[in-house]
Amino acid sequence: LVGLTAAENPTGEVFHLKQAPAGSVVVEKNVCKSVHTLRDIRSSTECIFRASSSGFSAADFKDGVCQIIKLETLAFNESNECDFKNEIRAGPDEVFLSENFESQLTKAIYLHAYKNSSSGRTGSIQTLTVNETGCYRMEALGARGGSSNSPVYTGGFGARIGGSFNLTAGTQLSLVIGQRGSDPSESSSSGPSGGGGGTFVYRSSDNLLYLAAGGGGGGAAGFNGRNGSAGPNGSGSVGSVSASYIGSGGASGQPGSYGPSLSSWRGGLGAGWLGAANARTSTCSGDRGGGIGQGWVGGVATTHSNVGAVGGFGGGGGGSHSIGSSGAGGGFSGGGAG
């Protein structure tokens, strides 16, 4: 997921508040709203005070009737679920006035949520053109890794990262929205799952990176997947066979790597911003996730059986046949695998 807030509406799905000809307030359906009507209000000043003191967003006063309206839009929690809500206000301790709802709302915060374009290892790079020069707040969430089926060992959560950036009108952004790593195809298997894809926001003209949120590693065989990284280095793998099977996360934009073991049953490595890892040497292993040069495609699973699972779009690695070898997540620096 990518959230974008700005002083003015960029292109894309937006919410909008307007005043209808009859004077009533009309809010489009994709905005959560709560409308209360207060009677025996003596003035517009009293109406505005009641709205502000009650935490409402907008006020409309006409013929002694005060309508106060709470506007909310969805936000995201750490599990990438859309269940928190952000209140839309004109400003600190301010409300929208009935006579200029339209002009005030364009100065308020707008949230644009861009979701993954598909599922699995393939997806589309979405684009957004900035219509107005200004300071923009952007937030990105990586995708979760896959989970084993029986018993269930869950994939790691994707990282969350945000920042504010000065963007000029006409700037086109490329949005790679990471997709969840797949679960094993056999319902009775505790076999390896796919790594989650990373989420990236960068300038289309020259690939200037703004945000990178790492995807979570796949879970399997006694271990939950590692959470994705929001920092410069990727997460390593987990396991209990021996240290030689533990893969290391990449550093400073590089892809992840394997441990020193020469096993042919490895999970696919996660891609980094500066490229994808070396391709697998055995079809018993899951393959690496693709970087920007490979269109961010997720890694394929082992071809040895139907147990393994593919990595998510955004550079997630594919799962192996061996029950402990799940795929790693993609990110600014890719995740390691064993």
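Backbone N, Cα and C define each Cβ position, glycine as well.
For the domain 'ALK/LTK-like glycine-rich' (132-312), the model's pLDDT averages out at 86. Residues or ranges marked as domain 'ALK/LTK-like glycine-rich' in TrEMBL: 132-312.
Marked as region 'Disordered' by TrEMBL: 178-197 (among others).
The compositional bias 'Low complexity' annotation in TrEMBL covers 181-191.
The list of residues near the region 'Disordered' (319-338) in space but at least 6 beyond its ends in sequence, with Cβ under 8 angstroms from a Cβ of it, reads 142-143, 145-146, 155-156, 158-159, 178, 181-182, 184, 189-198, 209, 212-223, 225-226, 228-229, 231-237, 239, 241, 245-259, 261, 263, 265-273, 276-277, 284-286, 289, 291, 296, 298-299, 301-302, 304-305, 307-312. Annotation comment: TrEMBL describes 319-338 (among others) as region 'Disordered'.
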* Asked: Can you tell me how the residues of the region 'Disordered' (319-338) break down into helix, strand and coil by DSSP?
  -> 0 helix, 1 strand, 19 coil
